[in-house]
Amino acid sequence: ETFGDRSLSQGLSVLVGLGLCVTMLGLGCAVELGQLGQQLRRPVGLLLALLGQFVAMPLVAFLLALIFALDEVAAVAVLLCGCCPGGNLSNLMSVLVDGDMNLSIIMTASSTLLALFLMPLCLWIYSRHWINTAVVQLLPLGAVSLTLGSTLLPIGLGVLIRYRHPRAADLLVKISLWSLLVTLVVLFILTGTMLGPDLLAQIPASVYAIAVLMPLAGYTLGYGLATVFKMPPHCRRTVSLETGCQNVQLCTAILKLTFSPELIGSMYMFPLLYALFQSAEAGLFVLAYKMYGRDSYKQDTLGEEEDTDISYKKLKEEEVADTSYGTVTTEEHNSIQMEPTQTAL
């Protein structure tokens with residue numbers, strides 16, 4: 001009740017809404033229409049986003065909720081996070097591990113669009129286990145769809161800005177990534193203050209365990225999924241990050257804007273906990289790549305450059321040999337001799 005009565009709650013709702021709009025605007029600014037058309041002709045990214053975000057992750061969330069015997073409120077929070085589309089954090093992390101940025105952006109954008117239909121469907125399917133509880137009977141699937149639909153406007157605006165003003169779009173992408181970090185930090189502080197230490201202490205240890213295990217399972221399943229599709233290593237790293245990184249801003253907005261504080265209680269903190277651990281684990285992923293994987297990546301790149309240089313040198317030598325025709329001179333005894341001359345390129 002204290003969480004619901006605080007005047008700061010309205011400011012928090014505004015912050016969540018603005019943060020989500022800026023994030024979706026940045027996502028739209030990262031999408032180029034030419035790349036989108038190419039991906040639609042070969043929809044590998046779309047298929048991976050579908051399997052990773054709306055098959056693997058909801059199933060992982062459901063199984064973890066059953067294994068840890070969560071109550072209905074905690075289970076709904078976990079399911080909601082597991083059914084969310086990919087987040088912008090994966091785009092930033094893909095850059096740091098030399099991943100395929102086009103694939104990363106297409107997967108994030110396509111999963112966001114697919115979420116408009118598939119996220120309510122996944123929530124309805126996996127919440128059947130807790131159907132006799134009040135929180136599931138009051139699950140606002142219509143409000144969830146409305147919140148998802150509201151994200152289409154900033155995404156469309158971002159795509160338009162990218163098409164007409166590419167430089168401004170690049171700047172907005174950077175702003176959206178920084179706003180993601182700032183918004184999460186502010187949400188941690190404000191939510192912790194509003195809930196208070198008593199309510200925070202009521203979060204079960206099992207919820208913390210799920211917040212640790214769920215992104216780790218997503219990263220692992222994503223890498224395995226890309227391996228099944230026989231994708232190159234840099235694409236495997238990209239799909240791994242895309243699968244494990246969820247759009248926690250969207251999850252937070254849905255919890256805040258569609259559920260009453262009395263109903264959801266301290267479980268409002270779950271997407272923030274997930275954001276904390278998904279960032280930490282992705283950071284360890286990046287660190288491991290920088291320490292052990294980047295050398296092989298550089299060697300492969302260097303090998304390709306050396307092959308190109310050698311080919312060019314051979315080609316140049318052949319050109320020199322072919323253009324050295326020589327001159328004809330006449331000596332005594334009526335003999336004719338070829339004197340080679342070097343022609344400079």
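Including glycine, each Cβ sits where the backbone N, Cα and C put it.
The annotation compositional bias 'Polar residues' is assigned in TrEMBL to 324-345. Summarising the annotation, TrEMBL assigns region 'Disordered' to 323-345. Annotation comment: TrEMBL describes 12-34, 46-70, 103-126, 138-163, 175-195, 207-226, 268-289 as transmembrane segment.
Within the same chain, residues 48, 51-52, 56-57, 60-61, 64-65, 68, 70, 74, 78, 81-82, 235-246, 267, 270, 273-274, 276-278, 281-282, 285 sit at least 6 positions outside the transmembrane segment (207-226) and bring their C-beta atoms closer than 8 Å to a C-beta of that stretch. Outside the transmembrane segment (138-163), and at least 6 residues removed from its termini, the chain residues within Cβ reach (under 8 Å) are 20-22, 24-33, 76, 109, 112-113, 115-116, 119-120, 123-124, 127, 169, 172, 250, 253-254, 257-259, 263. In this chain, the transmembrane segment (103-126) touches the transmembrane segment (46-70); three or more CB pairs sit within less than 8 A of each other, excluding pairs fewer than 6 residues apart. Under 8 Å from some Cβ of the transmembrane segment (12-34) lie the Cβ atoms of residues 87-88, 91, 105-106, 108-109, 112, 151, 154-163, 169-170, 172-173, 175-177, 179-180, 183, 186-187, 190-191, 194, 247, 249-250, 252-253, 256-257, all in the same chain and six or more residues away from its ends.
Sequence-distant contacts of the transmembrane segment (268-289) (same chain, six or more residues past either end, CB-CB distance under 8 Å): 3, 74, 77-78, 80-81, 89-90, 93, 96-98, 184, 187-188, 191, 195, 200, 203, 207-208, 211-212, 214-216, 218-219, 237, 240-241, 244-246, 248, 251-252, 255-256, 261.
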